[in-house]
Amino acid sequence: MSVSAARPALRRAVRCSNNTVKYSTAKSGLLSSPASLSRSFSSTVSSHSPKTPNSSSIPEYARPDPSRPTHFGFETVTEAEKRERVAGVFTSVAESYDRMNDLMSFGWHRIWKDHFVASLNPGFSPLTSGPDPRAPQHILDIAGGTGDIAFRMLHTAHNINRNPDVRVTISDINPAMLSVGKQRSQSLPATQQAVLNFVEANAEDLTKTRPLHSDPSAATISIPDQSVDLYTVAFGIRNFSNIPAALREAYRVLKPGGVFACLEFSKVDKHPLFNAVYKRWSFGAIPLIGQLVAGDRDSYQYLVESIERFPSQEEFRDMIVDAGFVVGGQGYEDLTGGVAAIHKGMKPRA
Amino acid sequence: MRPATTTLSRRAATAAITATRPSQAQLLSGAAIKTTTTAPKSRYITSLSRPRQMQQIQQTSSIQSRPLRKYHSYEHPPPPGPFSPTEEAILSAAYKHVPEHGFSLESLALGAREAGYLDISTTILPEGAFSLIRYHLVKQREALAARTEALFRVPENQKHVSISEKVELLTWERLQGNAQVIARWQEALAIMAQPSYIPSSLKELAKLADEIYFLAGDVSVDPSWYSKRASLSTTYAAAELFMTNDHSPDFRDTREFLRRRLGEASELGSAASAIREWIGFTATAGVNVLRSKGVRI
Ligand SMILES: C[S@@+](CC[C@H](N)C(=O)[O-])C[C@H]1O[C@@H](n2cnc3c(N)ncnc32)[C@H](O)[C@@H]1O
């Protein structure tokens, strides 16, 4: 992979975001450690926010609120602060995130991603007699960062299922991650590059997106209601400050019959011994390795804690159902004993 | 493990457990164990080998901490169906495409479209094309109950129908349920023989055997409870496979085959060998289908 062109920009981004992390960490004095597991910090910022009159049907928790307390790893910070800090983490690890995923998944994440994409079989659309009934498919890859999922989707749709009528929108909150993805996409066939679209967006509010590197003062674009066949989010959702809000947006943009699919680190509680070993590994070794390999202990510490914080398979499935989706079977599939899991939900017909 | 029951019924239940234990052990030490690594063992045992009568005994006890799954409970409404309304909508529409497109993703997608969903909607079915096979198995099994009355009606001047005759009638009735999709059934068997689906397939087979004995009115609880069902499973599976190559009118040869096998079955050996035989049959079918598709095995 070649990211040399993006490197100077990234370096700058990494440097300034590292400052952000350190600054906010120092400011609030919240250096976290595994020992602070149960500590919870109250926010000094008022959590009251004026309600917009037309959004009163939306539950309070599902409305993005920059001042509401949320979690950053095991720390409690405001949603706005978390967003800033998450951006910092991923900027600082944009280039080494592959290595990070390798560490957390024992190298399995590539196989999980392959399986995730194969199980969604994008572009599959049997031909029937008469006029070609294949409807174009629009895939929205949220927190798509470096394009890992999107490129696999395109490969399956175009090369395996031979359906060129599939386009992918890669969306991420972090332009540095998107830049890496854009850079990588240059090596794809032109037909695939032509149907790729990179947009900056916060997954919790897809009404305000902007094309990558567009003028920050330019008007934002909304992803229309019922415009997406498949919404994917891989190793992204646990970073969101407000998961119910993100699920609500997923529901909004999906067509009836459209599918929400999520690949995320999960819980190995069903296997107590493995669980104990895995926790030891993740809490003990990974931040240290992060320190040694990337010189960035904080980011790796955050990674480990955010995984621990994320709801169990069943809890997350229930959140998906609460957002209005229907699930098949138990609603999720464990990978490698639950180190990761795939959740799927379908938006029912109106 | 079990809640305290009245001494009497507990003793009866224990007797039933003891009675079935040898065959259970044989089963779990036999060929089946290797193929069930993905299925929780307890679920497997529940479905395969807990005699209905034992469940009824447990039902009569007044204290019960954990609800047990019951196949045929006279006192409780049936549990919610195995398919959600959405799954039912997609699968029932897809099922109509099986004769033409097989138990395949094509059929699923065509069904989804007809039910007003998208091609992508089918990906929420956790077992892919196997969902459609399971749909067939469940629906065909469930349809048997409604047909028993007509099946067992005896002409005025004849003696009553014996249990083994009823078993034969029901098994034949169930086999005829495959006639519609017979050209696709070897393919289906190949899918069922894939390691990840063997536990589900075996479970469905066990439920079918249990259903047939129940509908035939067999109420005996004795050490043969398990082996009877196991050997019926094997016989059924063999007949099912036989039928995929049967070109005689109205599958007459299959019926003959079934009669012969049911006659021999009473002398058949242990449960473990029965299950091993079933896997043998199904795997052979699978290998044959793959070979016919050009895979070199
Ligand atoms: C670990 S990366 C995953 C990248 C890619 N999907 C993969 O599987 O390799 C997590 C991504 O989530 C993004 N992210 C975090 N919070 C977000 C938010 N609120 N909205 C959109 N993206 C977000 C980060 O910028 C980062 O690129």
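Placed from the backbone N, Cα and C atoms, the Cβ positions cover glycine too.
When secondary structure is read from DSSP and collapsed to three states, A:ASN202 (S-adenosyl-L-methionine binding site) falls in the strand class. There are 21 other CB atoms within 10 A of the CB of A:ASN202 (S-adenosyl-L-methionine binding site), with all protein chains counted. What TrEMBL lists as S-adenosyl-L-methionine binding site is A:THR146, A:ASP172, A:ASN202, A:ALA203.
Residues or ranges marked as compositional bias 'Low complexity' by TrEMBL: A:41-57.
The region 'Disordered' annotation in TrEMBL covers A:41-72.
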Would you measure the largest Cα separation among A:THR146, A:ASP172, A:ASN202, A:ALA203 for the S-adenosyl-L-methionine site and round it to whole Å? 16
